[in-house]
């Protein structure tokens, strides 16, 4: 398991996004120009790994098509046997065929004479049923073998496609883990999920439905053409007219519909993002009464998807009717010209029948190739979106050989650090600070001041533009990301728990932890107090959003996870800002134990949670404007004093006291005493005895 997993981290979303967003955070962006040919070739290249299997598929396809193509000629021979037998019964027994021919010529029936002369029969013999039976048995054998070979090639090809899709999904999964945080800042989760799931599934369905059919269709066209030229070059030339017409119509339609298919799948991704966003925040939508606005936004994007889908299907749907029309014209032409050739004795009636069958076999794969154009366009459009993801710029690789800090390293320093999300908008400029081992550093400031950005830089979710961050003197950019993140524990305001048991969630950073260690961590974080009230205790299964736990309980589970990971550096991002007062007291007590002998960074808007911090940094516009202890900063009457006084003004008014220009301490405000020595009771989240140390 990687260091990232061991530290059980979740990237912290920066307060300032490097791109503009529309309503509800929808990302904007233009549509990338499409190129069907290169994308299709790249898609086919995913099959190269299974080249031996593809060769077997080709061999079986050739055998299947060859046997299928022979069938009409054999049936034509059967027709000749039946027709010759019927004619023989019309000729007086004992007369020769030449006598019959000469008689017809003498009567002026030259066409009939030519037709009879081209036939092979014995006057008065009738139909040769034995010969007919052998021919029909041969036809049955040929078609059975053709079906067997066709089934085998389809089965093998199915395995090839599924393995290719399996590899593609692995590539996408691996790529997602190697993308920088900046990518996730600019792409909505629903859009990314659409590419990973919908587009990959569409590629698989397209390849499954088209590859086999394309191979069979092309081989059928070649095989049928050979047989048609062997029977009648004139009729074969007539049939060939369909090829340029088919290519012309397919190319014309494909050019118009390709962009529409890309727009269709792009709209699908946008709609998925909208649905995911709305469902995730459905309670907020209802609280603020925005159901109609959300519905209107959904209807607008659904209309866009409808227009793109309708246009793509309508344009591509022209192909099949056009192919059928061309095929019918060719069918009529072959029937007329073939009849004239039979009458002239140039062809047997069985050959004409076989040729008509071949004309159907010839136009049908051409029509199928044309009708598959819409499937291919849709699949290639999805492939382009997936390849676009695979081609995204990845995180810069770790330095090799990488440096490593001492095992117990916990001295973290920023040295003249500058950073910006957007090139012309500096966020942090010339920042320097040092966090001593075992100290608690609190970071406060207004939204957008750069507090969360510091966390992203510490974790190397982003790298600094200039300056450096060191861990016991080692530049963190010289360390591997896994090594750095394995030393760091994080508790976020937005708790992340996966579908699994409470035990599995606590042990996420250390899957090999013993039962005693898990319970000790849970006890230290006060999880053990409420977990026994659940139906299955530590084996209680959480759903994908852990809705069977309260917000405070979820927060405590993430703290227990950090306890068990036992990091040297701890980051708390507003970890108690979304829980009730009693649970906040529990968390503060747990955190005081967790911070022992660790370097801790606490980011919070609630100044009551960081009053006892060793160092408080006040940030404004990416710079530290003040630093010191709580009492020192209050005495300075600067930015921290203003924040503190503003935050507690309402509490002072509630108890009837004036706003003290010296800024009241927490202990002077009734009901807001320090949690030190507090003993909250009651409920699953209450505290009694001290937690067990781990």
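Each residue, glycine too, has its Cβ placed from N, Cα and C.
TrEMBL entries are annotated by machine, without manual review.
According to TrEMBL, the region 'Disordered' annotation covers 1-35 (among others).
Sequence annotations record features per position, and here TrEMBL assigns compositional bias 'Polar residues' to 1-12.
The transmembrane segment annotation in TrEMBL covers 51-70 (among others).
Taken from TrEMBL, the feature domain 'ABC transmembrane type-1' applies to 55-378.
For 132-152 (among others), the entry in TrEMBL reads transmembrane segment.
For the transmembrane segment (214-231), same-chain residues at least 6 beyond its ends with a Cβ under 8 Å from one of its own Cβ atoms are 57-58, 61-62, 64-66, 68-69, 72-73, 150, 153, 157, 239-240, 347, 351, 354-355, 358-359, 361-362, 365-366, 368-369, 372. According to TrEMBL, the transmembrane segment annotation covers 214-231 (among others).
A Cβ distance under 8 Å defines the sequence-distant neighbours of the transmembrane segment (237-254), meaning residues of its chain 6+ beyond its ends; these are 36, 225, 228, 315-316, 318-319, 322-323, 326-327, 330, 333-334, 337, 358-359, 362-363, 366-367, 369-370, 373, 377. Here TrEMBL flags 237-254 (among others) as transmembrane segment.
The feature domain 'ABC transporter' is assigned by TrEMBL to 412-646. When pLDDT values are averaged over the domain 'ABC transporter' (412-646), the model yields 84.
Feature annotation from TrEMBL assigns region 'Disordered' to 655-694 (among others).
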If we skip the immediate neighbours and take only residues 6+ beyond the ends of the transmembrane segment (51-70), which ones have a Cβ under 8 Å from one of its Cβ atoms?
142-143, 145-147, 149-150, 152-153, 156-157, 159-160, 212, 215-216, 219-220, 223-224, 226-227, 358, 361
Same-chain residues near the transmembrane segment (132-152), Cβ under 8 Å, at least 6 residues beyond its ends:
60-61, 63-65, 67-68, 70-71, 74-75, 77-78, 81-82, 216
